[in-house]
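The block underneath contains the structure these notes are about, expressed in structure tokens.
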């Protein structure tokens, strides 16, 4: 047998003896250990193993807490020493030193919070509570960084006088960031924080601000997002123009004339030009450049003007085209206005509006304003998407913003045969364009462009001074007609619905609906051309059997405004036809998409 095998055999033969001895030694060690632990446990018979374990955990937790507190104290002490040495070395007014101090303080505070983060459930709950309490401050709109200080004379007015002003003008202010008293309305032009006489010049012919101006100015001057719900002709243009120019004037001079810093979007060319004319009056006094961008004219001149323009007033279609071509940069436009927002959505510009706003600074870094005559669900969704805690200001006895005609307008509806409309139209023109009334402005609405052209020619043949404005005319012709009507050279204007919304035509005495519009909303917007700026107005509508589908909705508008309803109109019925969707027809249900859907489970 080889030697290696023999050695292995000898080792194997001794395995039993080694195993027995090792077992015996382990048993002896175990007995000694149990005896020792028994001796230790005997003096503390009251404590249980669970209690000992809890006490040891609490001791470890306490040690960790003390250790972290010590680290936090050391960090704070180190920060204080750095601040002290910084004060001795450099003057306190140094911006660099202030930045270093702020950074060090932030670092120390972070270390302290980290040290106290895991002390226990109670401390953790308190920390969470403090964070939740501080959250609203972090979402407070910063927008332009503008500040507003209330005039001392305004602050000194008794609250009863402010309440009386709000009640008299039916002003409803809803501020999601404040449950207490809101900013006081500027009841006088003297309360405006504007010292430049040139900027005050446009108000010299007015006694006091309109309700929408008085209520909106404080919030806009403070940099808040604002939703203004007010009837047409309430002075909304100046409501957003004054804060816009004041914000632009506060910018450093090296940022002026370097590209758009503010943008105003309007639904039609005429309304855009009208807003532009009002803003220019204020902008020129501050050395600001303003440009109006709309379709129907060459782009080259508009593109050149955009390079140095500070304020852009535009229609959504043309502005979106220029953005897509890379000719309009709105990345620095921190003041965004959507004028007549409901009208733009009605005209199908929602996609263009969203694209335009997405090219401006992000939410919270811009100030967004939305002015509208009504407050439908589509406008609410747009506001919820692009605005930060907006203040809603509603003017009038219709705070919900439902469709309602101006109560100062006398509405008369005449049911006539279709073939008799032109004859009756001529009778009305002779009645209201004679004697001392021969220069009174009369606005005649038609439904179609060809109809407007025919009616315009018919009125001109009868010897009346008349002009037309509709889609078939060039922009130059439309502008010339509108200016002639405003100046009074042609007191009669024949128009389609393109001029039915937002146009500020002063002193329109009478609106005649030669043909009823397709919707009752357009009817309200048409008659809204008269009775503006607190004045009374008259609207006469020629209603035929072809329009009977709108009779129910028209009757509701008349009743809501306490206007008489002729018996001939009631014969057509009071049923309100359901509005059909443009794409889905009558099978479309308009639902509130902001509400959470209800889950339905089927067995």
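Keep in mind that glycine also has a Cβ here, set from the backbone N, Cα and C atoms.
For reference, Swiss-Prot has these:
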COMPBIAS  139-156  compositional bias 'Polar residues'
DOMAIN    424-573  domain 'Helicase C-terminal'
REGION    1-156  region 'Disordered'
MOTIF     187-214  motif 'Q motif'
MOTIF     339-342  motif 'DEAD box'
Mean per-residue pLDDT in the domain 'Helicase C-terminal' (424-573) works out to 88
In DSSP terms, the motif 'Q motif' (187-214) comprises 14 helix, 0 strand, 14 coil
DSSP assigns the residues of the motif 'DEAD box' (339-342) as 2 helix, 0 strand, 2 coil
